[in-house]
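In Swiss-Prot this protein carries:
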type	residues	note
REGION	1-26	region 'Hydrophobic'
DOMAIN	32-91	domain '4Fe-4S'
BINDING	Cys49, Cys52, Cys57, Cys74	[4Fe-4S] cluster 1 binding site
DOMAIN	108-137	domain '4Fe-4S ferredoxin-type 1'
BINDING	Cys117, Cys120, Cys123, Cys157	[4Fe-4S] cluster 2 binding site
BINDING	Cys127, Cys147, Cys150, Cys153	[4Fe-4S] cluster 3 binding site
DOMAIN	138-167	domain '4Fe-4S ferredoxin-type 2'
Amino acid sequence: MSAVWIAVIAISLLGLIFGLILGYASRRFAVQDDPVVEKIDELLPQSQCGQCGYPGCRPYAEAVGAQGEKINRCAPGGEAVMLKIAALLNVDPQPVDGDEQEAEPVRMLAVIDEPNCIGCTKCIQACPVDAIVGATRAMHTVMNDLCTGCNLCVAPCPTQCISLVPVATTPETWKWDLHAIPVRNIPVEQHV
């Protein structure tokens with residue numbers, strides 16, 4: 001019985017000592033993040049698509065906040081995100097990259113030519129929003145509501161059976177962009 005108590009006490013002391021060491025190390029070696037970069041990162045859509053030229057939303061936020069990168073390079077976020085970043089940084093809004101060609105951007109959707117799909121799962125691994133479903137050596141398909149049209153699934157496909165097609169805006173496919181609607185709080189006078 002005494003050997004059990006010695007083991008319990010020894011493990012408890014080791015846990016306490018290691019906990020104190022980890023607590024000290026977390027405070028001593030803490031990395032302070034730039035609060036502006038954090039706020040910019042919160043505004044970005046977090047699709048990690050790479051259309052801005054950076055490998056994800058966090059590196060783009062760091063480039064905008066610390067290095068003065070253009071605020072108009074986020075294609076999935078569009079004008080709404082660009083306006084929020086401009087307001088946060090107190091800079092003038094800029095036209096979103098690619099807006100010179102089109103007045104209204106067309107939503108793109110990945111489509112898989114299912115008879116040619118070999119089920120290699122490379123597109124599933126490349127999709128940042130998990131919009132592609134399927135099993136190994138089985139046909140894959142794209143969930144239309146989740147696809148952002150980021151084009152990251154096209155290049156890894158060995159059979160070239162994935163293509164991006166434009167989706168026409170119809171009453172069935174149109175959705176509200178709630179972030180583009182300005183919201184104001186109007187004070188209400190209370191009568192006693």
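Numbers run from 1 along the shown chain.
Cβ coordinates are placed from backbone N, Cα and C, and glycine is handled just like the others.
Positions of the features from Swiss-Prot, shown on the structure.
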residue	record	Cβ within 10 Å
Cys49	[4Fe-4S] cluster 1 binding site	22
Cys52	[4Fe-4S] cluster 1 binding site	23
Cys57	[4Fe-4S] cluster 1 binding site	24
Cys74	[4Fe-4S] cluster 1 binding site	27
Cys117	[4Fe-4S] cluster 2 binding site	19
Cys120	[4Fe-4S] cluster 2 binding site	16
Cys147	[4Fe-4S] cluster 3 binding site	20
Cys150	[4Fe-4S] cluster 3 binding site	22
Cys153	[4Fe-4S] cluster 3 binding site	24
Cys157	[4Fe-4S] cluster 2 binding site	21
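Away from its own ends, the domain '4Fe-4S ferredoxin-type 2' (138-167) comes close to residues 45, 47, 49-51, 76, 106-114, 116-132, 173 of its chain (Cβ-Cβ under 8 Å, at least six residues beyond either end). Under 8 Å from some Cβ of the domain '4Fe-4S ferredoxin-type 1' (108-137) lie the Cβ atoms of residues 47-49, 143-144, 146-159, 161-167, all in the same chain and six or more residues away from its ends. Secondary structure by DSSP for the domain '4Fe-4S ferredoxin-type 2' (138-167): 0 helix, 8 strand, 22 coil. Taking a C-beta cut-off of under 8 Å and a sequence gap of six or more, Cys123 ([4Fe-4S] cluster 2 binding site) has these contacts in its own chain: Ala110, Ile112, Ile132, His140, Cys153, Pro156, Cys157, Ile162. For Cys49 ([4Fe-4S] cluster 1 binding site) paired with Cys150 ([4Fe-4S] cluster 3 binding site), the C-alpha to C-alpha distance reads 5 Å.
If you measure from the Cα atom of Cys120 ([4Fe-4S] cluster 2 binding site) to that of Cys147 ([4Fe-4S] cluster 3 binding site), you get 19 Å.
Sequence-ordered, the extra residues of this chain that approach the [4Fe-4S] cluster 1 site, with Cβ no more than 8 Å from the Cβ center of Cys49, Cys52, Cys57, Cys74, are Leu44, Pro45, Ser47, Gln48, Gly50, Gln51, Tyr54, Gly56, Tyr60, Arg73, Ala75, Pro76, Gly77. According to DSSP, Cys127 ([4Fe-4S] cluster 3 binding site) sits in a coil region rather than a helix or strand.
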